[in-house]
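Enquirer: Submitted below is the structure of interest, expressed as structure tokens.
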């Protein structure tokens, strides 16, 4: 496999390492965890020289090529830059977190989430496919959620995590829509194809939609105004997470996206206007808000928002050099901001507070950390000889060269300088308030220097700030050039990375920013007073309010739709059925088809009238339940006659025997249920239901008529032609059941068995009120088993069994078969129960119906398995003809054994239901064993 | 004849649907039974109506369609199992809940529950 795939794969495997190594010491866990990401970093670095030469690597594993789905990774300059940030800072954070987390925190879980994030983030930057980018994009949102809520016992952490997930997740959905449209326009989801078709995309009609959707995704992720509010609330996360995700990497994913799609999407007025104005607003707003934070991390979070705005502004300026400046600032911001967060974490860890009103004069207690933090802070402010100065100079230069606002373009450099002033002011506050400005006030702990190795990551990052600031070309020149080339997908314009460009306008702007910032900080009390006049508004409360509003609305809606009434649900389902089934009927021009109809005869009319009357009578008298049952049985008998008339003798036989069993069942049930239905439907409800019923009846009748009067194109000719030759039987219906569609039948009898067992289980332990009299107070007859009935039914039993055997045996060639024979046998046995009672039957009938169901299904299944022994597919039937003296020629078929299984299952299921229901009326109630 | 048959299917459907929408479990079971008659007749008729044409080889010139018949035959048996399950469920519900309403509680108690729901949670 291409070694490229291993770069994201190693951290994925590494996700498991901390879970297993957490049982060892914390140091061991940290080292083991760092192993696989370090290997991935090594792999990346080994490719760096070729990438600096302008090469790009691609690797793809196809999945569904026809839909453009593949697992594809790429490694070019821009990817290299981000991958170095992700893996490099990630390794430093692993070391830092080893000292930051307390003994109560589960370090294995923390590392696991962290490495999972690393994997997701590497996936975002390395993906070479649009859909794949999005999948990893959402994974970063999810891992960010897990990390912010790591201290789940804190309400702040839970709320902050939820807010971050809601905002970035919603943006992710917009991004998905945007990427899908983009892929449709380009005709490919491959990133390289998309990058090469910038002109096509910009000319297409969907371009504005794509830009807005993709930018929504980018802005939410990178905390751009007006979605910036989630980032300060995400500061409830442990500080290593803030340093890693919420300053150096994840919040840069939106920036990455804009840089990545720069060749495709940028270059139009729309892009420049949206991106630059959003960036500018975020830049100023973040800087302003940062100044007023008392929380150390809050200050840093708002300053991160501001710097992300700065980078966005650069990406929206439309000059190629601005893109270079943006990429340069990505590197610089990641280094100084991550080190500042780590320093803030150290201060919090060693002094117990993050409030700048308490933290004062820490210089005396932790001079070493203070020096590091002051250098990083100066880089943030843009002090010369530090990396922040260089990119800020480039930024100022570009603001002077852009012209996106026409004659108002002069405003941009002014605003940029103002942003610079704010940046200097809050950086000064960070330095002065924390390390000087008197003595600490009421700190929970006496501050002191942190453990030696907790400082190492900060030292490395601050060292980078210094060397990049002093020797930029030597340290990051190649990387910046390669990244810019990849982002532009074109040649990189000339730029100079020198520290000193001579006395020019940008230097003046820097100077103004520096002086102005110090002045602003010196006069901060006036500004604080001014700010205090505004009513305090907490974005967290606003957000929570909106969330609660939405869930209240949802609850109100659910109260209407889902009121836990089955009657209401069926009303909805049926109404929907009317709409869905009526719409296609509207397109049908004529109801009647071309097929000639059978002439009507008097007998049929009589039967139809009987059916209509008894059907309506069932409805009319449905509250007198016994009467309804009698009329219902009349309907069933007419249906039986209909089957017999229209050439379906098998159906007629089945319907007749099922009818008997059903009515007996319902009568038994009626014994335990109320004899009458109370009148409770309102007239309105009845009219409504009648309307629905009539509509549906009309629709079904129409469909039926339209169907019957149209010519039939059926597959049954095959069955008719092969029934005798292939299945060995002349009753095609039965051959279909046991042979052609035998597998279906096996399924059906299994369902039948399961239903019966379910009923058996429902009956067991049922506590029922047993009435001792009927509705009118008349006691039940004491002569429950009349002698006449007993004698007749007993003498009928052998006859009935003989009939069922006959029906069973002839089933293959004449109407009959296992289903019908089973039902006839059941009726015969039930008749004995009715005539003699359960107690009498118990001593004579030693059949276990559950075993019967089981053996029936087993026999049928084994018949199917049997064909395997003859190298035939499951359920292939076999038949042959034999000759016996005195009987003559007869046929044996494996299908008959299958039918025997059907026969047994039907008896077992029917009897299990009815006999157990009948037993409820006696002392012989079935009881389940206690173990379930 | 086809028109008459379709009319009967429609009537049975309408009767079945109306009873299915009633509130008491026994009416619903009766309604389901009527509905399953209608469905079986409907499915059967999809093979078109034919007189004196049973699908038994050698018995007639022109056979009716055996496939819908085979389907309906199993549907009748499964329909019985379903009816049985529904009715036993109804009995069990009555035994455990103390009433035979399909919602598991009498309509009057639905009203009180609804008004109580506005303020609190479910």
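Numbers run from 1 along the shown chain.
Each residue, glycine too, has its Cβ placed from N, Cα and C.
Just so it is clear, the model here is predicted, and its values are computed rather than measured.
Okay, so TrEMBL annotates it like this:
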- A:63-111: domain 'NADH-Ubiquinone oxidoreductase (complex I) chain 5 N-terminal' (DOMAIN)
- A:127-402: domain 'NADH:quinone oxidoreductase/Mrp antiporter transmembrane' (DOMAIN)
- A:611-675: domain 'MrpA C-terminal/MbhD' (DOMAIN)
- A:685-767: domain 'MrpA C-terminal/MbhE' (DOMAIN)
- A:789-911: domain 'Na+/H+ antiporter MnhB subunit-related protein' (DOMAIN)
- A:6-22: transmembrane segment (TRANSMEM)
- A:29-46: transmembrane segment (TRANSMEM)
- A:77-98: transmembrane segment (TRANSMEM)
- A:110-127: transmembrane segment (TRANSMEM)
- A:133-152: transmembrane segment (TRANSMEM)
- A:270-292: transmembrane segment (TRANSMEM)
- A:503-522: transmembrane segment (TRANSMEM)
- A:598-620: transmembrane segment (TRANSMEM)
- A:627-646: transmembrane segment (TRANSMEM)
- A:686-708: transmembrane segment (TRANSMEM)
- A:745-764: transmembrane segment (TRANSMEM)
- A:847-870: transmembrane segment (TRANSMEM)
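Relative to the rest of the structure, where do these features sit?
Expert: When the domain 'MrpA C-terminal/MbhD' (A:611-675) is classified with DSSP, helix, strand and coil residues number 55 helix, 1 strand, 9 coil.
Applying DSSP to the domain 'Na+/H+ antiporter MnhB subunit-related protein' (A:789-911) sorts its residues as follows: 88 helix, 12 strand, 23 coil.
Long-range neighbours of the transmembrane segment (A:77-98) within the same chain, counting only residues 6 or more positions beyond its ends whose Cβ lies under 8 Å from a Cβ of the stretch, are 7, 26-27, 29-30, 33-34, 37-38, 40-41, 44, 47-48, 51-52, 56, 107, 110-111, 114-115, 118, 121-122, 125-126, 238, 240, 243-244, 248-249, 252, 256, 259-260, 327, 330-331, 334, 338, 342, 345, 453-454, 456-458, 460-461, 479-487.
Distant neighbours of the transmembrane segment (A:110-127): 4, 7-8, 11-12, 14-19, 22, 29-30, 33, 36-37, 40, 72-75, 78-79, 82-83, 86-87, 90, 93-94, 97, 101, 133, 135-137, 139-140, 142-144, 146-147, 150, 191, 238, 240-241, 244-245, 249-250, 253, 256; these residues of the same chain sit at least 6 beyond its ends, with a Cβ under 8 Å from one of its Cβ atoms.
A Cβ distance under 8 Å defines the sequence-distant neighbours of the transmembrane segment (A:133-152), meaning residues of its chain 6+ beyond its ends; these are 105, 109-110, 113-114, 116-117, 119-121, 123-124, 127, 158, 160-162, 164-165, 168-169, 172, 175-176, 179, 191, 217, 221, 234, 236-238, 241, 245-246, 250, 253, 257.
Residues 207-208, 211-212, 215, 219, 223-225, 228, 258, 298-300, 302-318, 402, 404, 412, 415-416, 418-419, 422-423, 425-426, 429, 520, 524, 527-528, 531 of the same chain lie 6+ residues outside the transmembrane segment (A:270-292) yet bring a C-beta within less than 8 angstroms of a C-beta in it.
Sequence-distant neighbours of the transmembrane segment (A:598-620) (same chain, 6+ residues past either end, Cβ-Cβ under 8 Å): 627-628, 631-632, 634-635, 638-639, 641-642, 645.
Sequence-remote contacts of a segment are chain residues at least 6 beyond its ends whose Cβ falls under 8 Å from one of its Cβ atoms, and for the transmembrane segment (A:627-646) they are 604, 607, 610-611, 614-615, 617-618, 621, 652, 655-656, 659, 662-663, 666-667, 670.
Taking Cβ pairs closer than 8 Å, the transmembrane segment (A:745-764) reaches residues 737-738, 849-850, 853-854, 856-857, 860-861, 864, 875, 898, 901-902, 905-906, 908-910, 912-913, 916-917, 920, 926-928 in its own chain, all 6 or more past its ends.
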Enquirer: Is it possible to list how many residues within the domain 'MrpA C-terminal/MbhE' (A:685-767) are helical, extended or coil according to DSSP?
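Expert: Final tally across the stretch: 67 helix, 1 strand, 15 coil.
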Enquirer: Work out, from DSSP, the number of helix, strand and coil residues along the domain 'NADH-Ubiquinone oxidoreductase (complex I) chain 5 N-terminal' (A:63-111).
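Expert: Per DSSP, the residues of the domain 'NADH-Ubiquinone oxidoreductase (complex I) chain 5 N-terminal' (A:63-111) fall into 32 helix, 9 strand, 8 coil.
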